[in-house]
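Student: Please read through the structure below; I'll follow up with questions.
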Amino acid sequence: MMAGKTLYDKIYDAHIVADRGGADALLYIDRQLVHEVTSPQAFEGLRLAGRRMRRTDATLAMLDHNVPTTPRTEPITDPMSKQQVEALMANAEEFGVQLYDMLDVRQGIVHVVGPEQGFTQPGLTMVCGDSHTSTHGAFGTLAFGIGTSEVEHVMATQTLVVKRAKNMRVTVEGELPPGITAKDMALAIIGRVGTAGGTGCVIEYAGEAVRSLSMEGRMTLCNMAIESGARAGLVAPDETTFEYIKGRPFAPKGGQWDVAVDHWKTLYTDEDAEFDIDITLQAAEIEPQVTWGTSPEDVLPISAVVPDPATISDKAKQAAAEKSLDYMGLRPGMKIADVSVDHVFIGSCTNARIEDLRAAADVLRGRTIAPNIKLAMVVPGSGLVRDQAEAEGLDEIFINAGFEWREPGCSMCLGMNPDKVPAQGRCASTSNRNFVGRQGPGARTHLVSPAMAAAAAIAGRFTDVRELMAKEPA
Ligand SMILES: CC(C)[C@H](C(=O)O)[C@@H](O)C(=O)O
Ligand code: SF4
């Protein structure tokens, strides 16, 4: 008897247009998201070849990386940002692509807006010229980042040659302890498998702790699949997924809804399917996580101390750790809880959804940020997240605590706009990459959950949010 199929193989196989007989196949691509950084050359390519876009209805464009987070009525001052923003607006107009411009309430980070609009749906293939497209896998969507020439290919043909990935499963068993979030789970997984652990694979996240996550939490988890080296992340769709999608602008309507849900219910890994790599973690063992180095795998629980490179036997890894510590300005053996911060960033496609803002606001309610914090900012993932947060009064909690409340976009996640951490500045950030210079030249980034970022803002250093919350606000 033939072994069953994984969720990944089911979606891949259902999209084969032409089997090339080898390691790859030509797949049909159901949806494409477009942003201003990786699309200009693709549009230019179409223009030069005299081609139109194959399916404008399956394409959604967004301005996110370069937009300022200050009031939108003011002009963009950075010439490069201005050029990219204007190019996408002109291209969208010329090719008839739907675009949410800077004044549109639906504007935001592509990976927040796609799901929010119901554009992201189970069982579809979805691409974007952006590595964190893996986020959409939270819906059981086969979603992955592609290069600019591939963006052009999808625009022209709605197909793409895709190599079949290996199947990897990460199971998180048991219940997540109180105060532990999807971000801690994501970081703990990367700490365990490493940034190359998922190379050549698509990771399916499974187990009770994953099933219990909200869609926001599943998106955080899949968002960081790429930081484990994987091509994409997946969570099999279930009632939580259907409930989230129902009624959103692009969601199937009327009788089509039931047909869609019937299909979505077939999207799971068969019991007897086999995985190339199968890893299990215990939820009960996950503590709040903080990164100490310049790779997301350089991560430890808040109770730990900064590692000593001398204890690492692999010479290349030892040298890398020394370099990281030097860049980060940390000494081996220091308690992570003794590391002070001067910047706090709550935002990005990892953690700028309503649930993330609620989690941070819960910590900040009735408290104020420490005097050594030079800048603390909240950048909602979209205009709709911003409006929802304002309707709940979260903006006031942030502002009263000493945070700046900004307009949506990628912002300080990578500093393509004016939001940067200065050289030697140290930032508790809810984003997904702590690379050298990621938040600005010489900037030091520590990746944490929204609750841990808020706790760091209050304490002026990293601290276990569970201990902070056990005390009354001063
Ligand atoms: C600018 C874009 C191509 C890039 C990516 O692909 O991820 C960015 O979003 C990032 O997070 O580094
Ligand atoms: S928020 Fe950060 S990680 Fe996400 S798309 Fe923007 S720059 Fe990339």
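Cβ coordinates are placed from backbone N, Cα and C, and glycine is handled just like the others.
According to TrEMBL:
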type: BINDING; residues: CYS349, CYS410, CYS413; note: [4Fe-4S] cluster binding site
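Describe the structural surroundings of these features, if you would.
Tutor: Counting only same-chain residues six or more apart in sequence, the Cβ atoms lying under 8 angstroms from the Cβ of CYS410 ([4Fe-4S] cluster binding site) belong to ASP64, HIS65, VAL67, ILE109, GLY347, SER348, CYS349, MET416, ASN417. According to DSSP, CYS410 ([4Fe-4S] cluster binding site) is assigned to coil rather than to any helix or strand.
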Student: Note the Cβ centroid of CYS349, CYS410, CYS413, the recorded [4Fe-4S] cluster site, then list each other residue of that chain whose Cβ lies within 8 Å of it, in sequence.
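Tutor: Not counting the recorded site residues, we get ASP64, HIS65, ILE109, HIS111, HIS132, GLY347, SER348, THR350, ALA352, GLY409, SER411, LEU414, SER431.
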Student: Tell me, how many other CB atoms lie within 10 A of the CB of CYS413 ([4Fe-4S] cluster binding site), whichever protein chain they belong to?
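Tutor: CYS413 ([4Fe-4S] cluster binding site) is surrounded by 29 other Cβ atoms within 10 Å.
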